[in-house]
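Participant: Before I ask anything, let me first share the structure, which is written out below as C-alpha coordinates.
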Amino acid sequence: MMPTPVILLKEGTDSSQGIPQLVSNISACQVIAEAVRTTLGPRGMDKLIVDGRGKATISNDGATILKLLDVVHPAAKTLVDIAKSQDAEVGDGTTSVTLLAAEFLKQVKPYVEEGLHPQIIIRAFRTATQLAVNKIKEIAVTVKKADKVEQRKLLEKCAMTALSSKLISQQKAFFAKMVVDAVMMLDDLLQLKMIGIKKVQGGALEDSQLVAGVAFKKTFSYAGFEMQPKKYHNPKVALLNVELELKAEKDNAEIRVHTVEDYQAIVDAEWNILYDKLEKIHHSGAKVVLSKLPIGDVATQYFADRDMFCAGRVPEEDLKRTMMACGGSIQTSVNALSADVLGRCQVFEETQIGGERYNFFTGCPKAKTCTFILRGGAEQFMEETERSLHDAIMIVRRAIKNDSVVAGGGAIEMELSKYLRDYSRTIPGKQQLLIGAYAKALEIIPRQLCDNAGFDATNILNKLRARHAQGGTWYGVDINNEDIADNFEAFVWEPAMVRINALTAASEAACLIVSVDETIKNPRSTVDAPAAAGRGRGRGRPH
(Lines of atoms letter the chains of each structure in order from A and count residues from 1; the text may use other names and numbers.)
(Lines give C-alpha, C1' and ligand atoms only; values in the text may rest on other atoms or scores of the structure.)
Protein backbone atom coordinates (compact mmCIF):
# COMPACT_ATOMS: atom_id res chain seq x y z
CA MET A 1 0.00 0.00 0.00
CA MET A 2 1.31 3.45 -1.01
CA PRO A 3 1.92 5.91 1.85
CA THR A 4 -0.26 9.04 1.71
CA PRO A 5 1.80 12.02 0.47
CA VAL A 6 2.03 14.86 2.98
CA ILE A 7 1.35 18.22 1.34
CA LEU A 8 3.05 21.02 3.24
CA LEU A 9 3.16 23.81 0.70
CA LYS A 10 0.34 25.65 -1.01
CA GLU A 11 -0.71 24.37 -4.42
CA GLY A 12 1.30 26.01 -7.20
CA THR A 13 4.40 26.50 -5.08
CA ASP A 14 7.49 26.06 -7.24
CA SER A 15 10.27 24.32 -5.37
CA SER A 16 13.58 23.29 -6.91
CA GLN A 17 16.52 21.78 -5.08
CA GLY A 18 19.82 20.04 -5.47
CA ILE A 19 22.60 20.67 -7.95
CA PRO A 20 20.38 21.68 -10.94
CA GLN A 21 18.85 24.66 -9.08
CA LEU A 22 22.30 25.78 -7.87
CA VAL A 23 23.64 25.64 -11.44
CA SER A 24 20.53 27.56 -12.57
CA ASN A 25 21.22 30.27 -9.94
CA ILE A 26 24.84 30.53 -11.07
CA SER A 27 23.70 30.90 -14.70
CA ALA A 28 21.29 33.70 -13.69
CA CYS A 29 24.21 35.58 -12.11
CA GLN A 30 26.20 35.21 -15.35
CA VAL A 31 23.35 36.89 -17.23
CA ILE A 32 23.46 39.87 -14.82
CA ALA A 33 27.22 40.17 -15.32
CA GLU A 34 26.73 40.11 -19.11
CA ALA A 35 24.49 43.19 -18.78
CA VAL A 36 27.29 45.33 -17.30
CA ARG A 37 30.38 43.54 -18.64
CA THR A 38 30.99 45.97 -21.51
CA THR A 39 30.81 49.10 -19.32
CA LEU A 40 34.08 48.37 -17.46
CA GLY A 41 37.07 50.66 -17.83
CA PRO A 42 38.07 53.71 -19.86
CA ARG A 43 36.98 52.10 -23.13
CA GLY A 44 33.71 50.81 -21.68
CA MET A 45 30.47 51.39 -23.58
CA ASP A 46 27.34 53.08 -22.23
CA LYS A 47 23.84 51.66 -21.88
CA LEU A 48 20.64 53.40 -22.93
CA ILE A 49 17.80 52.20 -20.70
CA VAL A 50 14.17 53.29 -21.10
CA ASP A 51 11.89 52.64 -18.12
CA GLY A 52 8.17 51.88 -18.08
CA ARG A 53 7.26 55.58 -18.14
CA GLY A 54 9.43 56.22 -21.18
CA LYS A 55 12.22 58.04 -19.30
CA ALA A 56 15.55 57.44 -21.03
CA THR A 57 18.77 57.06 -19.02
CA ILE A 58 22.25 56.83 -20.51
CA SER A 59 24.73 55.41 -18.02
CA ASN A 60 28.03 53.65 -17.65
CA ASP A 61 27.69 53.10 -13.89
CA GLY A 62 27.12 49.45 -12.94
CA ALA A 63 24.89 50.23 -9.95
CA THR A 64 22.68 52.64 -11.93
CA ILE A 65 22.21 50.12 -14.76
CA LEU A 66 21.34 47.27 -12.38
CA LYS A 67 18.90 49.47 -10.43
CA LEU A 68 17.07 50.32 -13.65
CA LEU A 69 16.90 46.69 -14.80
CA ASP A 70 13.83 45.12 -13.24
CA VAL A 71 15.51 41.93 -12.04
CA VAL A 72 13.07 39.30 -10.76
CA HIS A 73 15.34 36.26 -10.35
CA PRO A 74 15.97 35.90 -6.59
CA ALA A 75 19.62 34.80 -6.89
CA ALA A 76 20.46 37.45 -9.48
CA LYS A 77 19.05 40.11 -7.13
CA THR A 78 21.97 39.36 -4.80
CA LEU A 79 24.37 40.75 -7.40
CA VAL A 80 22.21 43.85 -7.81
CA ASP A 81 22.36 44.34 -4.03
CA ILE A 82 26.16 44.08 -3.82
CA ALA A 83 26.49 46.63 -6.64
CA LYS A 84 24.19 48.99 -4.70
CA SER A 85 26.12 48.47 -1.46
CA GLN A 86 29.46 49.11 -3.23
CA ASP A 87 27.98 52.32 -4.67
CA ALA A 88 26.76 53.47 -1.25
CA GLU A 89 29.94 52.52 0.59
CA VAL A 90 32.73 53.58 -1.78
CA GLY A 91 31.01 55.03 -4.84
CA ASP A 92 33.10 53.30 -7.50
CA GLY A 93 33.92 49.73 -8.52
CA THR A 94 30.26 48.71 -8.96
CA THR A 95 30.84 46.97 -12.31
CA SER A 96 34.00 45.29 -10.98
CA VAL A 97 32.20 43.84 -7.96
CA THR A 98 29.43 42.37 -10.14
CA LEU A 99 31.92 40.87 -12.60
CA LEU A 100 34.06 39.40 -9.83
CA ALA A 101 31.10 37.74 -8.09
CA ALA A 102 29.85 36.26 -11.38
CA GLU A 103 33.34 35.07 -12.32
CA PHE A 104 33.87 33.41 -8.91
CA LEU A 105 30.65 31.48 -9.50
CA LYS A 106 31.63 30.60 -13.07
CA GLN A 107 34.95 29.15 -11.88
CA VAL A 108 33.32 26.93 -9.21
CA LYS A 109 30.46 25.77 -11.46
CA PRO A 110 32.34 22.63 -12.69
CA TYR A 111 33.11 21.65 -9.07
CA VAL A 112 29.45 22.10 -8.10
CA GLU A 113 28.34 19.95 -11.05
CA GLU A 114 30.74 17.22 -9.96
CA GLY A 115 29.08 17.19 -6.53
CA LEU A 116 31.70 18.98 -4.42
CA HIS A 117 30.12 20.07 -1.13
CA PRO A 118 29.31 23.83 -1.04
CA GLN A 119 30.84 24.22 2.43
CA ILE A 120 34.28 23.21 1.09
CA ILE A 121 33.95 25.89 -1.62
CA ILE A 122 32.86 28.51 0.93
CA ARG A 123 35.75 27.68 3.25
CA ALA A 124 38.27 28.00 0.41
CA PHE A 125 36.78 31.32 -0.75
CA ARG A 126 36.85 32.81 2.74
CA THR A 127 40.50 31.79 3.13
CA ALA A 128 41.39 33.26 -0.28
CA THR A 129 39.55 36.54 0.44
CA GLN A 130 41.31 36.95 3.77
CA LEU A 131 44.70 36.32 2.15
CA ALA A 132 43.90 38.76 -0.68
CA VAL A 133 42.78 41.54 1.70
CA ASN A 134 45.91 41.12 3.82
CA LYS A 135 48.06 41.24 0.67
CA ILE A 136 46.37 44.49 -0.49
CA LYS A 137 47.01 46.08 2.91
CA GLU A 138 50.62 44.91 2.77
CA ILE A 139 51.47 46.29 -0.68
CA ALA A 140 49.26 49.43 -0.69
CA VAL A 141 51.21 52.69 -0.78
CA THR A 142 50.42 55.22 1.96
CA VAL A 143 50.57 58.93 1.23
CA LYS A 144 51.42 61.15 4.18
CA LYS A 145 48.61 63.50 5.14
CA ALA A 146 51.05 66.06 6.54
CA ASP A 147 52.27 66.94 3.05
CA LYS A 148 49.27 68.86 1.67
CA VAL A 149 50.68 69.19 -1.87
CA GLU A 150 51.33 65.44 -2.11
CA GLN A 151 47.94 64.64 -0.63
CA ARG A 152 46.17 66.91 -3.12
CA LYS A 153 48.06 65.28 -5.99
CA LEU A 154 47.01 61.85 -4.74
CA LEU A 155 43.35 62.89 -4.47
CA GLU A 156 43.33 64.37 -7.98
CA LYS A 157 44.84 61.18 -9.41
CA CYS A 158 42.21 59.05 -7.63
CA ALA A 159 39.42 61.31 -8.94
CA MET A 160 40.84 61.12 -12.48
CA THR A 161 40.98 57.31 -12.31
CA ALA A 162 37.31 57.24 -11.23
CA LEU A 163 36.31 59.64 -14.04
CA SER A 164 38.35 57.97 -16.79
CA SER A 165 35.65 55.35 -17.45
CA LYS A 166 32.82 57.90 -17.58
CA LEU A 167 31.20 59.91 -20.36
CA ILE A 168 33.16 63.00 -19.24
CA SER A 169 36.57 61.29 -19.42
CA GLN A 170 37.80 63.89 -21.94
CA GLN A 171 37.42 66.60 -19.27
CA LYS A 172 38.61 64.45 -16.36
CA ALA A 173 41.46 66.80 -15.37
CA PHE A 174 39.05 69.77 -15.22
CA PHE A 175 36.46 67.91 -13.14
CA ALA A 176 38.99 66.09 -10.91
CA LYS A 177 40.33 69.47 -9.74
CA MET A 178 36.78 70.70 -9.06
CA VAL A 179 35.90 67.54 -7.13
CA VAL A 180 39.01 67.76 -4.92
CA ASP A 181 38.34 71.49 -4.28
CA ALA A 182 34.77 70.63 -3.31
CA VAL A 183 35.69 67.86 -0.85
CA MET A 184 38.47 69.99 0.68
CA MET A 185 35.89 72.68 1.51
CA LEU A 186 33.89 70.30 3.72
CA ASP A 187 34.48 69.80 7.43
CA ASP A 188 36.09 66.68 8.91
CA LEU A 189 32.86 64.67 8.74
CA LEU A 190 32.88 65.05 4.92
CA GLN A 191 29.07 65.02 4.69
CA LEU A 192 27.94 64.34 1.14
CA LYS A 193 24.73 66.35 1.69
CA MET A 194 26.84 69.51 1.96
CA ILE A 195 27.79 69.32 -1.73
CA GLY A 196 24.95 70.54 -3.92
CA ILE A 197 24.81 69.72 -7.64
CA LYS A 198 22.62 71.93 -9.85
CA LYS A 199 22.12 71.29 -13.56
CA VAL A 200 21.53 74.08 -16.10
CA GLN A 201 20.94 73.08 -19.71
CA GLY A 202 22.93 74.84 -22.41
CA GLY A 203 26.55 75.85 -22.73
CA ALA A 204 29.58 73.59 -22.82
CA LEU A 205 30.83 71.19 -20.14
CA GLU A 206 33.77 73.52 -19.48
CA ASP A 207 31.30 76.26 -18.46
CA SER A 208 30.52 74.22 -15.34
CA GLN A 209 31.66 75.92 -12.15
CA LEU A 210 32.16 75.29 -8.46
CA VAL A 211 30.70 77.85 -6.06
CA ALA A 212 32.41 78.11 -2.67
CA GLY A 213 29.13 78.56 -0.87
CA VAL A 214 25.50 77.99 -1.78
CA ALA A 215 23.74 78.46 -5.09
CA PHE A 216 20.16 77.55 -5.88
CA LYS A 217 17.65 78.24 -8.60
CA LYS A 218 15.55 81.36 -8.16
CA THR A 219 12.21 80.42 -6.67
CA PHE A 220 8.80 81.52 -7.92
CA SER A 221 8.31 85.21 -7.11
CA TYR A 222 5.27 87.46 -6.98
CA ALA A 223 4.89 90.89 -8.57
CA GLY A 224 7.24 93.43 -7.01
CA PHE A 225 10.38 91.28 -6.96
CA GLU A 226 11.85 93.14 -9.96
CA MET A 227 12.16 96.23 -7.72
CA GLN A 228 14.38 94.37 -5.25
CA PRO A 229 18.18 94.83 -5.42
CA LYS A 230 19.97 91.82 -6.91
CA LYS A 231 23.33 92.20 -5.13
CA TYR A 232 24.41 92.92 -1.54
CA HIS A 233 27.74 93.13 0.22
CA ASN A 234 27.95 91.71 3.77
CA PRO A 235 24.18 91.27 4.18
CA LYS A 236 22.47 89.63 7.13
CA VAL A 237 20.41 86.63 6.08
CA ALA A 238 17.14 85.64 7.78
CA LEU A 239 16.23 81.96 7.36
CA LEU A 240 12.57 81.33 8.11
CA ASN A 241 9.98 78.62 8.14
CA VAL A 242 7.15 81.15 8.28
CA GLU A 243 4.36 81.90 5.80
CA LEU A 244 4.25 85.57 4.84
CA GLU A 245 1.03 85.89 2.89
CA LEU A 246 -2.68 86.39 3.45
CA LYS A 247 -4.56 83.17 3.07
CA ALA A 248 -8.00 81.73 3.59
CA GLU A 249 -8.40 79.99 6.94
CA LYS A 250 -7.11 76.44 6.87
CA ASP A 251 -9.58 74.97 9.33
CA ASN A 252 -13.32 75.35 9.48
CA ALA A 253 -13.30 78.81 10.97
CA GLU A 254 -16.60 80.53 11.57
CA ILE A 255 -16.89 84.20 12.48
CA ARG A 256 -20.22 85.79 13.27
CA VAL A 257 -20.39 89.51 12.63
CA HIS A 258 -23.31 91.82 13.24
CA THR A 259 -22.06 95.09 11.85
CA VAL A 260 -19.78 96.26 9.05
CA GLU A 261 -17.35 97.59 11.70
CA ASP A 262 -16.96 94.09 13.16
CA TYR A 263 -16.10 92.72 9.73
CA GLN A 264 -13.66 95.57 9.09
CA ALA A 265 -11.96 94.92 12.43
CA ILE A 266 -11.38 91.27 11.47
CA VAL A 267 -9.91 92.22 8.07
CA ASP A 268 -7.70 94.87 9.70
CA ALA A 269 -6.51 92.36 12.30
CA GLU A 270 -5.44 89.97 9.51
CA TRP A 271 -3.47 92.73 7.78
CA ASN A 272 -1.96 93.88 11.05
CA ILE A 273 -0.73 90.36 11.88
CA LEU A 274 1.05 90.21 8.50
CA TYR A 275 2.50 93.74 8.73
CA ASP A 276 3.62 93.08 12.28
CA LYS A 277 5.65 90.08 11.04
CA LEU A 278 7.13 92.09 8.17
CA GLU A 279 8.14 94.97 10.46
CA LYS A 280 9.90 92.62 12.85
CA ILE A 281 11.89 91.13 9.96
CA HIS A 282 12.78 94.62 8.71
CA HIS A 283 13.88 95.84 12.16
CA SER A 284 16.09 92.77 12.63
CA GLY A 285 18.49 94.27 10.07
CA ALA A 286 18.22 91.33 7.64
CA LYS A 287 18.71 92.25 3.98
CA VAL A 288 18.05 88.81 2.50
CA VAL A 289 14.99 86.84 3.62
CA LEU A 290 14.63 83.17 2.69
CA SER A 291 11.64 81.11 3.69
CA LYS A 292 10.67 77.48 3.17
CA LEU A 293 7.02 78.59 2.96
CA PRO A 294 5.48 81.05 0.47
CA ILE A 295 6.20 84.80 0.62
CA GLY A 296 3.20 86.57 -0.94
CA ASP A 297 2.90 89.65 -3.17
CA VAL A 298 2.22 92.06 -0.28
CA ALA A 299 5.37 90.92 1.53
CA THR A 300 7.42 91.00 -1.70
CA GLN A 301 6.44 94.62 -2.37
CA TYR A 302 6.96 95.59 1.28
CA PHE A 303 10.53 94.21 1.17
CA ALA A 304 11.21 95.81 -2.24
CA ASP A 305 10.26 99.25 -0.84
CA ARG A 306 12.87 98.77 1.90
CA ASP A 307 15.68 97.51 -0.40
CA MET A 308 15.40 93.94 0.87
CA PHE A 309 15.53 90.71 -1.12
CA CYS A 310 13.17 87.80 -0.43
CA ALA A 311 12.63 84.29 -1.77
CA GLY A 312 9.84 81.96 -0.69
CA ARG A 313 9.34 78.23 -1.24
CA VAL A 314 13.09 77.57 -0.97
CA PRO A 315 13.73 73.79 -0.93
CA GLU A 316 14.53 72.57 2.59
CA GLU A 317 17.83 71.03 1.51
CA ASP A 318 19.04 74.38 0.07
CA LEU A 319 17.85 76.25 3.16
CA LYS A 320 19.81 73.89 5.42
CA ARG A 321 22.93 74.23 3.28
CA THR A 322 22.59 78.03 3.42
CA MET A 323 22.37 77.79 7.20
CA MET A 324 25.52 75.62 7.30
CA ALA A 325 27.38 78.13 5.12
CA CYS A 326 26.17 81.46 6.48
CA GLY A 327 25.57 80.49 10.09
CA GLY A 328 22.40 81.45 11.96
CA SER A 329 19.44 79.14 12.36
CA ILE A 330 16.08 78.49 10.73
CA GLN A 331 13.34 80.28 12.67
CA THR A 332 9.71 79.21 12.91
CA SER A 333 8.68 82.56 14.38
CA VAL A 334 9.73 86.17 13.71
CA ASN A 335 9.50 87.26 17.35
CA ALA A 336 13.13 86.63 18.25
CA LEU A 337 15.18 87.63 15.22
CA SER A 338 18.33 88.63 17.08
CA ALA A 339 21.81 88.95 15.55
CA ASP A 340 22.65 85.41 16.76
CA VAL A 341 20.07 83.72 14.56
CA LEU A 342 20.85 85.69 11.39
CA GLY A 343 23.37 84.35 8.91
CA ARG A 344 26.05 86.39 7.16
CA CYS A 345 27.99 86.21 3.91
CA GLN A 346 30.32 88.54 2.03
CA VAL A 347 28.35 88.71 -1.22
CA PHE A 348 24.82 87.75 -2.15
CA GLU A 349 23.81 88.10 -5.77
CA GLU A 350 21.31 86.87 -8.30
CA THR A 351 22.93 85.89 -11.60
CA GLN A 352 21.75 84.64 -14.96
CA ILE A 353 23.11 81.20 -15.90
CA GLY A 354 21.87 79.95 -19.26
CA GLY A 355 18.12 80.37 -19.27
CA GLU A 356 17.79 80.32 -15.46
CA ARG A 357 18.42 82.82 -12.69
CA TYR A 358 20.41 81.60 -9.67
CA ASN A 359 20.89 83.00 -6.17
CA PHE A 360 24.51 82.85 -4.95
CA PHE A 361 25.85 83.16 -1.41
CA THR A 362 29.65 83.46 -1.48
CA GLY A 363 32.38 84.32 1.01
CA CYS A 364 30.50 82.59 3.82
CA PRO A 365 32.23 82.55 7.23
CA LYS A 366 31.38 78.90 7.89
CA ALA A 367 31.74 77.76 4.28
CA LYS A 368 31.64 74.03 4.92
CA THR A 369 29.50 73.58 1.85
CA CYS A 370 29.79 74.12 -1.88
CA THR A 371 27.73 73.81 -5.05
CA PHE A 372 28.51 72.46 -8.50
CA ILE A 373 26.71 74.17 -11.36
CA LEU A 374 26.85 71.79 -14.31
CA ARG A 375 26.33 72.92 -17.89
CA GLY A 376 25.76 70.73 -20.90
CA GLY A 377 23.45 69.86 -23.76
CA ALA A 378 21.16 66.87 -23.35
CA GLU A 379 19.39 66.25 -20.05
CA GLN A 380 20.51 62.59 -19.95
CA PHE A 381 24.11 63.69 -20.48
CA MET A 382 23.94 66.06 -17.52
CA GLU A 383 22.37 63.39 -15.31
CA GLU A 384 25.21 61.01 -16.18
CA THR A 385 27.73 63.80 -15.46
CA GLU A 386 26.12 64.21 -12.03
CA ARG A 387 26.41 60.46 -11.36
CA SER A 388 30.05 60.50 -12.50
CA LEU A 389 30.86 63.39 -10.17
CA HIS A 390 29.11 61.59 -7.31
CA ASP A 391 31.40 58.58 -7.86
CA ALA A 392 34.50 60.79 -7.97
CA ILE A 393 33.44 62.66 -4.80
CA MET A 394 32.91 59.36 -2.96
CA ILE A 395 36.35 58.12 -4.06
CA VAL A 396 38.06 61.33 -2.89
CA ARG A 397 36.28 61.09 0.49
CA ARG A 398 37.48 57.50 0.85
CA ALA A 399 41.03 58.48 -0.12
CA ILE A 400 41.06 61.20 2.57
CA LYS A 401 39.81 58.84 5.27
CA ASN A 402 42.00 55.88 4.21
CA ASP A 403 45.16 57.31 2.73
CA SER A 404 46.51 54.13 1.12
CA VAL A 405 46.28 53.61 -2.64
CA VAL A 406 46.87 50.81 -5.15
CA ALA A 407 47.35 50.84 -8.92
CA GLY A 408 44.27 50.30 -11.06
CA GLY A 409 43.99 48.99 -14.61
CA GLY A 410 43.97 45.35 -13.48
CA ALA A 411 47.38 45.63 -11.76
CA ILE A 412 46.24 44.79 -8.22
CA GLU A 413 44.07 41.89 -9.47
CA MET A 414 46.98 40.36 -11.40
CA GLU A 415 49.27 40.65 -8.37
CA LEU A 416 46.67 39.00 -6.10
CA SER A 417 46.08 36.29 -8.71
CA LYS A 418 49.82 35.50 -8.83
CA TYR A 419 50.07 35.54 -5.01
CA LEU A 420 47.07 33.20 -4.52
CA ARG A 421 48.23 30.86 -7.30
CA ASP A 422 51.62 30.55 -5.60
CA TYR A 423 49.91 30.00 -2.23
CA SER A 424 47.59 27.31 -3.63
CA ARG A 425 50.62 25.22 -4.68
CA THR A 426 51.75 25.01 -1.06
CA ILE A 427 48.56 23.37 0.25
CA PRO A 428 47.18 19.87 -0.41
CA GLY A 429 43.71 18.63 -1.29
CA LYS A 430 40.63 20.25 -2.77
CA GLN A 431 41.47 23.66 -1.28
CA GLN A 432 44.36 23.89 -3.74
CA LEU A 433 42.03 23.64 -6.75
CA LEU A 434 39.48 26.07 -5.30
CA ILE A 435 42.00 28.77 -4.34
CA GLY A 436 43.49 28.32 -7.83
CA ALA A 437 39.99 28.88 -9.27
CA TYR A 438 39.63 32.05 -7.14
CA ALA A 439 43.01 33.27 -8.45
CA LYS A 440 41.92 32.64 -12.04
CA ALA A 441 38.63 34.49 -11.48
CA LEU A 442 40.52 37.65 -10.46
CA GLU A 443 41.95 37.86 -13.98
CA ILE A 444 38.49 38.78 -15.31
CA ILE A 445 39.16 42.48 -14.58
CA PRO A 446 42.28 42.94 -16.79
CA ARG A 447 40.79 40.54 -19.38
CA GLN A 448 37.58 42.56 -19.62
CA LEU A 449 39.52 45.85 -19.80
CA CYS A 450 41.35 44.42 -22.85
CA ASP A 451 38.16 43.07 -24.45
CA ASN A 452 36.37 46.40 -24.05
CA ALA A 453 39.28 48.24 -25.68
CA GLY A 454 39.41 45.74 -28.56
CA PHE A 455 42.84 44.34 -27.60
CA ASP A 456 44.07 40.75 -27.77
CA ALA A 457 43.32 39.80 -24.15
CA THR A 458 45.19 36.48 -24.19
CA ASN A 459 48.41 38.08 -25.40
CA ILE A 460 48.29 40.95 -22.89
CA LEU A 461 47.42 38.63 -19.98
CA ASN A 462 50.39 36.40 -20.84
CA LYS A 463 52.66 39.45 -20.76
CA LEU A 464 51.15 40.53 -17.42
CA ARG A 465 51.59 37.08 -15.86
CA ALA A 466 55.22 37.00 -16.96
CA ARG A 467 55.92 40.52 -15.66
CA HIS A 468 54.23 39.85 -12.28
CA ALA A 469 56.21 36.61 -11.94
CA GLN A 470 59.38 38.72 -12.31
CA GLY A 471 58.22 41.03 -9.50
CA GLY A 472 56.49 43.84 -11.45
CA THR A 473 53.85 44.40 -8.75
CA TRP A 474 52.07 47.37 -10.31
CA TYR A 475 52.00 46.28 -13.95
CA GLY A 476 48.54 46.48 -15.51
CA VAL A 477 46.83 47.10 -18.85
CA ASP A 478 47.98 50.22 -20.73
CA ILE A 479 44.83 51.26 -22.58
CA ASN A 480 46.50 54.01 -24.63
CA ASN A 481 49.30 51.93 -26.16
CA GLU A 482 47.75 48.44 -26.32
CA ASP A 483 50.44 47.05 -24.07
CA ILE A 484 51.29 46.62 -20.38
CA ALA A 485 52.71 49.40 -18.20
CA ASP A 486 53.55 50.26 -14.61
CA ASN A 487 50.21 51.81 -13.67
CA PHE A 488 51.55 53.26 -10.45
CA GLU A 489 54.05 55.30 -12.45
CA ALA A 490 51.24 56.20 -14.87
CA PHE A 491 49.17 57.57 -11.90
CA VAL A 492 46.29 55.14 -12.39
CA TRP A 493 45.57 55.15 -8.66
CA GLU A 494 42.55 54.17 -6.61
CA PRO A 495 41.98 53.88 -2.86
CA ALA A 496 42.85 50.43 -1.50
CA MET A 497 39.47 50.53 0.25
CA VAL A 498 37.64 50.26 -3.11
CA ARG A 499 39.37 46.99 -3.97
CA ILE A 500 39.08 45.53 -0.46
CA ASN A 501 35.36 46.29 -0.40
CA ALA A 502 34.83 44.88 -3.91
CA LEU A 503 36.66 41.63 -3.12
CA THR A 504 34.90 40.98 0.18
CA ALA A 505 31.44 41.86 -1.21
CA ALA A 506 31.91 39.71 -4.34
CA SER A 507 33.24 36.77 -2.33
CA GLU A 508 30.40 36.98 0.21
CA ALA A 509 27.81 37.12 -2.58
CA ALA A 510 29.36 34.07 -4.30
CA CYS A 511 29.40 32.15 -0.99
CA LEU A 512 25.78 33.14 -0.35
CA ILE A 513 24.60 31.83 -3.72
CA VAL A 514 26.63 28.59 -3.41
CA SER A 515 25.18 27.96 0.07
CA VAL A 516 21.56 27.93 -1.21
CA ASP A 517 20.41 24.33 -1.67
CA GLU A 518 16.72 24.88 -2.35
CA THR A 519 14.68 27.65 -3.98
CA ILE A 520 10.99 27.87 -3.08
CA LYS A 521 8.79 30.33 -4.97
CA ASN A 522 5.55 31.17 -3.26
CA PRO A 523 2.69 31.38 -5.79
CA ARG A 524 1.02 34.30 -3.97
CA SER A 525 3.77 36.73 -4.91
CA THR A 526 3.20 36.10 -8.62
CA VAL A 527 -0.59 35.56 -8.82
CA ASP A 528 -2.04 37.99 -6.29
CA ALA A 529 0.22 40.96 -6.90
CA PRO A 530 -1.68 42.55 -9.86
CA ALA A 531 -5.04 42.04 -8.15
CA ALA A 532 -3.88 43.64 -4.92
CA ALA A 533 -2.68 46.73 -6.73
CA GLY A 534 -6.16 47.95 -7.63
CA ARG A 535 -7.67 47.22 -4.23
CA GLY A 536 -6.88 50.53 -2.57
CA ARG A 537 -8.90 52.68 -4.96
CA GLY A 538 -12.15 54.20 -3.75
CA ARG A 539 -14.98 53.22 -6.04
CA GLY A 540 -17.68 55.37 -4.49
CA ARG A 541 -20.75 54.08 -2.69
CA PRO A 542 -23.46 52.45 -4.81
CA HIS A 543 -26.61 54.61 -4.66
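Including glycine, each Cβ sits where the backbone N, Cα and C put it.
Here the structure is a predicted model, which means the values were calculated and not measured.
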Participant: In Swiss-Prot, Gly93, Ser96, Arg398, Gly409, Arg499 are given as binding ATP, so which of Gly41, Gly328, Gly343 is in that site too?
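Facilitator: Looking through Gly41, Gly328, Gly343, the residue Swiss-Prot assigns to the ATP site is Gly41.
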Participant: Please report how many Å separate the Cα atom of Glu494 (ADP binding site) from that of Asp92 (Mg(2+) binding site), as a whole number.
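Facilitator: Just about 10 Å between their Cα atoms.
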Participant: So for Ser165 (ADP binding site), how many other CB atoms are inside 10 Å of its CB?
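Facilitator: Result for Ser165 (ADP binding site): 24 other Cβ atoms within 10 Å.
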Participant: What are the sequence-distant neighbours of Lys67 (N6-acetyllysine), meaning same chain, six or more residues apart, C-beta distance under 8 angstroms?
Facilitator: Val80, Lys84
Participant: List nothing but the one residue from Gly41, Gly93 whose Cβ has the fewest other Cβ atoms within 10 Å; the candidates are the binding-site residues.
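Facilitator: Looking at the binding-site residues Gly41, Gly93, the Cβ with the fewest others within 10 Å is that of Gly41.
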